[in-house]
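What follows is a single structure, written as structure tokens, with notes after it.
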Amino acid sequence: MCHNSGIESEQIERFKEFGLPQKAVRTVKYTMRKREQQQRLQQQQQQQQQEETVIILTSTTQPAHLLAIGILSFVLLTVGPDLTTTTHTQVQLPTTTTQSTTTTTTSSATTSHVSTLATLAFLGAFATHFGSQIWMTFISGLSLYFSLPRHTFGQCQQILFPKYFALNAMLSISMLIIYVKYFLSGWSMSAGIQLGALSLTACIEVIVRLYLAPPMLQLMHEKYRIEDAIGSGQEVGSLVQGDLVECPHYQRIHKSFRRIHMTIAIGNMIVLLATCLQLYFLALKIRIS
């Protein structure tokens, strides 16, 4: 603004040297002032739009809606044709008895190779998913809770929670796609149960990551901020509210936090049960010799 004012002052002095009337000089000054105001207004509007965009991306659920729609569309477009083909598949009797031995051998080898890669990918995703569940639920979570101050434990969970559910959601979606495309050859009760378990697992983990984990972490930050003000939060393996028992604002935040945390815990246990069910069906298929 100072730079523009300097330029305008020089221009106005030049106009005066040229002998322009005082009225014309005032008109020029007014025009330049209006132009400055318009530029300033445009800059403010652009800055406001950028701030609104940041708020939408960080403080609202609109990005979560877009991600959820994108994930659902991707899964449906990927597995939809295979589900439709499986539903309408009928056994076709061979019309000829003469086949090329070379073609049959090549096709069999290619199918076996693809099936092996699909099996490796599915088992790898399942093992990683199941292992992370056991570690986070029964080892990491309990060990840290009973070993660290409560606020330090919360800071660890703040880092681990989003990554844990994001990783498991990607693994569940991968297992669902691989199962439908390579292992779902027909409809039966066992196939329906496995497909339902994989779908339920993926849905719960996506919902937790997009819709439950962010507000829970925000409530945890607000809760810890209030507790820090009175020196609470350093106890290990327990919650000492002290004078905050009489604080309505803190109690509302605490109840909301506990409600979301309990919902996430229930969802995690449902996913763990679904994973154990999937492990049972894998055990029926695998023969160790």
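Along the chain as shown, the residues are counted starting at 1.
For all residues, glycine too, the Cβ spot is worked out from N, Cα and C.
Small disclaimer: the values here were computed from a predicted structure and weren't measured.
For 125-224, the entry in TrEMBL reads domain 'TMEM205-like'.
Residues or ranges marked as transmembrane segment by TrEMBL: 54-77 (among others).
Residues or ranges marked as transmembrane segment by TrEMBL: 120-148 (among others).
Residues or ranges marked as transmembrane segment by TrEMBL: 160-180 (among others).
The transmembrane segment feature in TrEMBL is assigned to 192-212 (among others). Through the fold, the transmembrane segment (192-212) approaches residues 61, 64, 67-68, 71, 75, 162, 165-166, 168-169, 172-173, 175-176, 179-180, 184, 260, 263-264, 267-268, 270-271, 274-275, 277-278, 281 of its own chain, all at least 6 residues removed from its boundaries and within a Cβ separation under 8 Å.
For 260-283 (among others), the entry in TrEMBL reads transmembrane segment. Sequence-distant contacts of the transmembrane segment (260-283) (same chain, six or more residues past either end, CB-CB distance under 8 Å): 123, 126, 129-130, 133, 137, 168, 175, 190, 193-194, 197-198, 200-201, 204-205, 207-208, 212-213, 215-216, 219.
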